[in-house]
Each structure stands twice: as C-alpha cells, then as structure tokens.
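A quick write-up on the structure given underneath.
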Amino acid sequence: MAYFNKSTECSNIQRSSNHPYDIDLQTSRRHTLPSNNKTKDQRQSRIYSLSIKQDQSNILISNQLLSINNLISNLTNISHPLVMSDHEKEQLRMSRSFLSVFILILLPLALLSGVIFRYSIISFIYAFLLLLLPWLGPIAERNIRTRFRIFVLAIAFISLLTVLAQIIFQSILLANKPYGHTLNNCTELVRTLRYFGLERLDNSNAIRILRLIFPDIIILAISTVCFVIIRRTIVTSRRRNNELQISSSISQTANSSTSIEDQKKLWPRLLSMLKRTRLFLQFIIVGFAAFVYPSIINSVYFIFFLTLAFIWSSSVKFGTKYTFARAILVVYTGIHLLILYLYQFGFFQEFLPPLSLWSNITGLTAIVESNCTDREPYLERNLVWSDYINPCALLLLYFYFAFETNRTLFHRIRTNVLTIPSVEQQSLVHNSDGRDTLEQTPPKLYRRWSLEQPGDQTWQGRIIFVVFSIIRVLERHSYLLSLIAMLAWSITFHSLLTLVYLLWACILWVLPNSRQWCLRMSPFFTIYGGILLILQYLVGFKVSFNQLNFAYDRRTMEQIGIRINDYQPAFIPLLLKSFYMLFFWLTLRQYINEKRIARAQGNDARRVSTGTDSYPRRLGRWLINFLTKYWIFVSCGMLLLVSIQNTVVIYRIIYMAFYLFFILAFQISFGFWRKTVATFHLTIIIYSMVILIGIYIYQFENVNVFLTERFSKELLASIGLDVVPSDVLAVKLLTPSTFLVVNILQLHYFHSGWMKLITMPR
C-alpha cells in the first residue's frame, strides 16, 4: 500500500512538473504527505530534483526571451533594406518605363525607317523582326529576361554586322584608287551587292548617304541602349529578389490591392463601353483592309469580314475557334506584308511585271521601281491612292490583331468583380430585354453594369447612359433602319439588282405589321445583300472593262448592276454597301434573339421592368413627345416642298392637290379631317411609292425606248418622266424618297399619339 502511494505521488509530481509554473503546487503537495511514509533522504532528494527542474524552467524562459529579442533585432535590421527596396523599386519602375518607350516606340520606328527608306535583304530582315515584335508579350520581368533580351541582341548583332560590312566595303573601295572603279553598273556583282545594301557613295548627296547608312547606325544605337536598360533591370530585379523575397511579395500584394482599388474608381462604365467596342473595331479594321484594294490576296480579309459579320448577326458565341482563326489571319497578314515588300525588288518585278493583269488582280503593287543604270530607286507617282494606303492598312491590321491574339492566347486574363468577360464573348449591343444572349452573366455583375442605375449621377455616367440607350433604341427599331437602308441602297446604286430592294421596302412598308414582316424577311434580304456585296468586290478588281470580255456593252452591264471603273478603286461603293449591310445584320440578329427568347420563356417573361426614372428615359420621353407634337408640320412642309419643286409637272400638281385638300379639310370640318387624316397619309405614301418606282424604272434604257415608241417625249416629260444622268439621279430621287420616309414615320410612330393630343372643338 505504501509502495502504491509512493508511485502514485511520484507520477503526479512528474505529470504536474511538465509545466514550469507548477512548482509551488508541487511544494504544497509535498507538505501534505504523511510523515510516517516519508524519510528525510527522500525529502532532500525531492527538494533537489525540484530545484533542478526550476533551474531548467528558468533556462527555458530565458531561451524564449532570447529568441524573441533575436527576432526583434532581425526585424530592426530588415527595416533599413525595406527603405532601400522602395528606392530600388522606383528605379526598376523607371527603367521599365524607359524600356517601354525604347522598345515599343523608338525601336519600331527605327526598324520601320530601315525598311521604308532602303530596300535590301537586311531591310527585309528588319521587316521580319518588326513583325515579330507584337508576339513578345508585355514588358514583364520574365519576358525581359528571355524574349526581349534575345530580340534586342538579335537586332543589335544584325545591325552591328551591317555597319561593319559597310565600313569594310567602303574601306576597300577607298583603298583601290580611284574610288569604285572596279564596280561598273548593270553587272551581276553590283546588283548582288545592292541587294545587301552595299553601294558606291561617290557623286551622292547627303540624302542618299543618310538613306543607305544611317538607319543601321540608329538601329544599333537604340538596340544597344535597350540592351543596357534590360541588363540593368535584370540585375536590379535579381538583387531585390535575393535580398527581399518576403518583403517583395508583401509589397506586390499591397500594390495589387491598390491597383484594384484604383481600377474601381476609374470610370468603370466607360471602360465597359470601350471593351464592348473592341469586336466592332476589329470588324472595321479587317473591312478596311479588304476594301482598300480588292484583289485575290486581299479577298481573304473580305471572307473573314463577311464571316465575322454573319456569325455575329446569327447571335453565335465567339469562342476559341474565332481566336485561332484570328491568329491564322495574323500569320497570313504577316506573310502578305513580306511578299508585298519582296515585290519591290527588281528580280521579283522581272518575274511578274508591274501593272500587268496578274499583278493587278493578285494585289501586288510596285511602289518602288529600280533600274541598274540609276542608283536611286524610282518612286512610282502615277498610282491611285489605294495602292499607297494598302500596305498601311495591312500593317494596322497585323499589329492590332497580333496584340489582341497575343493577349488572348498567351496571357491569363485577371478576373474580378469589375472585369467584364472578353470581347469575343460579348455582343456589340444589348438585346431588347437589356441582356446579352451570348453568355450567362451573373445577376450581380449584370446589375452592376446595367443601364438603369440611378445611383450614378456623374456627367460621364449620364453620357454613357445616353449612348447605351440610343444603341438599345436603334436595335429595337432596326427594322426601320433596314427599310431605309434598302431605299437608300436602291437610290444610290441604280440597277436592276437594286430595284429588288426598292420594291421590297415599299411592300414591307405598306403591310399592316411591318415590323414582324421585316424581321421575318431579314434572313432573305441579308443574304441577298451579301451576294451583292460579293459581286461588288469581284467587279472592284483593278482591271478594265475590255479585259473581262462581257457579252454586253458597258451601258447594259451598268444597268444590270455591274459597274466597272477601269483601274479605279472600289473603296467607296464597298464602304457604302457595307454600311447598309450593317443594318441588315443588326435586324437579323434582333430577329434571331427574339425567336430564341420566345422559344425559351416568352417575350414578356424575359423583359426587365425597372421602376427607376433614369435620365435616358426622361430624355427619350421628352423627345418622343416633342416629335409627336411637331412632326406633322414637317410632313406638311415636305408635301408643299415636293409640289413646288423645280418645273411644274403632273405628278407635282397632284401633290399640290393633296396639300390643298389637307388644309381645306382642316378649315371646313375638323371632325371630317380628323377621321380621314390616317387615310390621307396612307394614300400619300402609296402615291409617293408609285411615283418613285415610276421614275426609277423609266431610267432603264429598254423601258425608255419602249415608252417613247408609244408616247411622245413631250407627254412623258409633262408627266414627270425624263432621263436623268446616273450621277444626278440619286439627287433627283432624294426628295421624293425623303418625303416618303417622313410620311411613313408620321403614320407608324406619331399619328396615334398626335390624335390623342388633339380634341374635338365644342
């Protein structure tokens, strides 16, 4: 029993002594033990063991305090490098800024000067390096160590070799007196050396010397400065990473959070609008590159333009396939630029002569022509403006698409609450319900970027509200824009092919529910417009009418719709027809979106009703009320203008009769006038359509001959039918067309509201 008590007590003491502050408790327990079970030696040994443990606990506490003091001293020692790291970070930021200026501005300009002012193999290499620049990525620390350093070293090495070769070549010519007597013109050696930029400088002016030698010197100097800045940036970055790895990570986190806070304050709605227009900007750039010089090589851009437009109008999601297609187009554009540059060399022009049929239809233009007898290349000045703009358009297309593709393919996009998805996943405008059908936007994000946010009362917010509201209104009423575009297309380009659009627009306008019919017919007139656009692109090739060997003469082909301007650019016709097609694509997109919404949940179920009275809504209501009150005066004024315009003919007399009937009916009987005003506008619209179609058809030669054989020219002229030159026809048809549109707007949009405003007099 005594042994059991001793073992229990020792175990309790040992367990309690694990904590250094249990010494007093152990001592108190020692005094409570029975005196008959403990000896004096045991008490002394226990007291000795307790003193040893107390010393151990004191040593442990002192070690802990010493470690804390060491940690504090280390933090104190680090505080000084933290100050130095901020200074080094500022130096690193400055060096990156200088590097951005040199690599993104000065170095490309130097390479471009070496490409433009001198045509040689070295300049071709400079052109290749210039096209390689957008694929290097952003100026980040990792890219500076790898891609940009190798790129700058390659440029410096090539320019250094070129300068040394030029020095050696000129030294050899100076050593063999007289200067350059061994190099005669039109020899194979001279032509080969000229391809590498090595030419004689005797009897040369200062401009020729600057053109041949200074581009390499400037490129070498700028590339050397870039390499020094890159080396300094790398050394600074390595020292910072080695000394302050922990503090740099903390500072990066703080900087990232600060940048996020700055982004939240930086016009988020304006950034959203700009990002949404990036796809539209790509659409414009590729269309400009396709229209500026219609040819076989440029037809790839035209096909990409049409494909992009029809995919967007079909409300199909732009995903990775579009990204890869854009990357392929960038590669194709780079190859096209290099081929166009190689065509400026003499051996290429000998293989395919300039201004020949195949050089014109392929799109290869000899802007610079060289002759072995002349030292200076000859700049061709007899070309049209599109020949000079074509390389600039291709260069713009390449760089913009390359930067966009590089950003999409090789960089991860940071996603946060304020960042909207990529442009490839967005539409240019919202649908009629205010949401995008191409993607599923989270509700919180959608409310953040919605147009109806009353909390934003800043002037820039109101401007963006108005812009988005106008875009939404235009989309909802895109069918009206499409009908006007049909009418404008047929008037601008008079032909049998465009007569279809004139008849189509008139029929759709007089139907009871013109909006639904226009949306249903949108796939057909959009496809028909695409066919006309393709036909215009084909006839816009740089050829003459006689080279195509048509079965009919030029006048007949122009009346059919095939107008060929010999060796003249077709940029303006393509631009106008593409502008008209834009409304067709918008209407087709609206039709597909409404069908998709109706198939899913119904039109009314998806509409977002907001109770806020925003600034765009108030502005829209005020504009509608203003037009409802005063548009009738515009209609009456146009009716009077048409009736008294130019010479007096029968159809203008009828217009005057309509005007007098409208005024007299209002004066005699207000009730009769109020009941017949809608019928009056419909009659005016139908009569204007008949007059417009009659004048339009009479301009065709076969119709003119057919009518003059049966009626006299004086009778036809008194009716109002006369032949008008093609360049004046659009102006002649503009007035009746405008009057037709004004009356249609009055009948379809403002008549019902105006009827509610006027009341019967007592």
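Backbone N, Cα and C define each Cβ position, glycine as well.
What TrEMBL says about this one:
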| type | residues | note |
| --- | --- | --- |
| REGION | 15-42 | region 'Disordered' |
| TRANSMEM | 94-111 | transmembrane segment |
| TRANSMEM | 117-136 | transmembrane segment |
| DOMAIN | 118-756 | domain 'Piezo TM1-24' |
| TRANSMEM | 148-169 | transmembrane segment |
| TRANSMEM | 279-296 | transmembrane segment |
| TRANSMEM | 302-320 | transmembrane segment |
| TRANSMEM | 327-348 | transmembrane segment |
| TRANSMEM | 457-474 | transmembrane segment |
| TRANSMEM | 480-511 | transmembrane segment |
| TRANSMEM | 523-545 | transmembrane segment |
| TRANSMEM | 570-588 | transmembrane segment |
| TRANSMEM | 650-673 | transmembrane segment |
| TRANSMEM | 680-698 | transmembrane segment |
- prompt: Per-residue pLDDT averaged over the domain 'Piezo TM1-24' (118-756) comes to what?
  reply: 81
Query: Sequence-remote contacts (6 or more beyond its ends) of the transmembrane segment (523-545), Cβ cut-off under 8 Å?
result: 290, 293-295, 299, 302, 306, 310, 313, 357, 360-361, 482, 486, 489, 497-498, 500-501, 504, 554, 557, 561-564, 566-567, 569-570, 573-574, 577-578, 580-581, 584-585, 587-588, 591
- line: Maximum Cβ pairs under 8 Å to the transmembrane segment (279-296) among 94-111, 148-169, 480-511, 570-588, 680-698 is reached by 570-588
- prompt: Are there 3 or more C-beta pairs under 8 Å linking the transmembrane segment (650-673) with the transmembrane segment (327-348), counting only pairs at least 6 apart in sequence?
  reply: no
Task: With the transmembrane segment (302-320) as the reference, find which of 117-136, 570-588, 680-698 contributes the most Cβ pairs under 8 Å.
output: 570-588
Message: Let me spell it out: take the transmembrane segment (117-136), skip the flanking residues so only those 6+ beyond its ends count, and list any with a Cβ under 8 Å from a Cβ in it.
response: 103, 107-108, 111, 143, 147-148, 151, 154-155, 158, 162, 194-197, 211-212, 215-216, 219, 334, 337-338, 341-342, 344-345, 368, 370, 377, 398-399, 402-403, 406
